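Student: One structure is given below, represented as structure tokens, and several questions about it will come after.
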Amino acid sequence: MSDVALGVNIDHVATLRNARNVDYPDIVEVANIAVSNGADFITVHLREDRRHIKDDDVFRLKNSLKVPLNLEIAPTDEMLSIAIKVRPKCVCLVPEKRQELTTEGGLDVKRAFSYLISFIEKLHTYNIDVTLFIEPDVDQIDQAKKLSADNVELHTGKYCNNTTQSELSQVIKAAEYCYQRNIGCHAGHGLNYQSAAIIAKVPYISALNIGHFLICESVLHGIGTSVHKMKKAIASAPN
């Protein structure tokens, strides 16, 4: 049985709510249902354009959840200030483009290295763990290690869009390299029941972040049932 943790991203609950600019579905209620059905932590992405999650959502979740909050943000001064006020268990730094539908790829840690040094140091000052969302690439992992990041999250989008052995091998290689460099390894983006079960089998990956697929499934089956089924899919993967 796999002990890989499941992080449920609830951004698109807010997307549905914001479609009519109302106060339902309540994001805290949905998060708590996910937790009661096996979610080990809750993830939200506070984007600069606030297209789904709003500032108030983040504070409400932090004050209400009985599991850790993983806050995804772009590495900007505004977002740093918010993260310090919220004090989530973990901040995951992601790249952002205004016109993208979703995060399109990993953070270029090497390119942003000089800026990220002080950014990560400040988060660590407030005992906030730092994860960097990156492509499954050993050079990016090396840079993350130099920055003293606690974890990386491997972008699985390319594998999910093109489920070849070559793409899977990149994830496997990167996860093993994380172990060698003594940096935590998570994975996420584009995962469904089948691909999550496969990625959960990869040695040294300790957590998966899954959002859009689960929210879509919840329209048909409810958030509790969908999270429970995902938890079972992950647990079915052998250690």
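Note: Cβ is positioned from N, Cα and C throughout, glycine not excepted.
According to Swiss-Prot, the protein has these features:
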- His45: active site, proton acceptor (ACT_SITE)
- Glu72: active site, proton acceptor (ACT_SITE)
- His189: active site, proton donor (ACT_SITE)
- Asn9, Arg20, Gly190, Gly211, His212: 3-amino-2-oxopropyl phosphate binding site (BINDING)
- Asp11, His12, Arg47, His52, Thr102: 1-deoxy-D-xylulose 5-phosphate binding site (BINDING)
- Glu153: site 'Transition state stabilizer' (SITE)
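So that I understand the layout, could you describe where these features sit and how close they are to other parts?
Tutor: Annotation for Glu72 (active site, proton acceptor): spatial neighbours Asn9, Thr43, Val44, His45, Leu46, Val91, Cys92, Leu93, Val94, Phe133, criterion Cβ-Cβ under 8 Å with sequence separation of six or more.
Reduced to three states, the DSSP call for His189 (active site, proton donor) is coil.
Neighbour density for His212 (3-amino-2-oxopropyl phosphate binding site): within 10 A of its CB lie 16 other CB atoms from the protein chains shown.
According to DSSP, His52 (1-deoxy-D-xylulose 5-phosphate binding site) is assigned to coil rather than to any helix or strand. For His52 (1-deoxy-D-xylulose 5-phosphate binding site), the number of other Cβ atoms no farther than 10 Å from its own Cβ, over all displayed protein chains, is 20.
Long-range neighbours of Glu153 (site 'Transition state stabilizer') (same chain, six or more residues apart, CB within less than 8 Å of its CB): Cys92, Thr131, Leu132, Phe133, Ile134, His186, Ala187, Gly188, Asn209.
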Student: Looking only at His12, His45, Arg47, which of these recorded positions has the biggest number of Cβ atoms within 10 Å around its Cβ?
Tutor: His45
Student: Please report the distance from the Cα of His52 (1-deoxy-D-xylulose 5-phosphate binding site) to the Cα of Arg20 (3-amino-2-oxopropyl phosphate binding site), rounded to the nearest angstrom.
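Tutor: That separation, Cα to Cα, works out to 12 Å.
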Student: Express the distance between the Cα positions of Gly211 (3-amino-2-oxopropyl phosphate binding site) and Arg47 (1-deoxy-D-xylulose 5-phosphate binding site) as a whole number of Å.
Tutor: 15
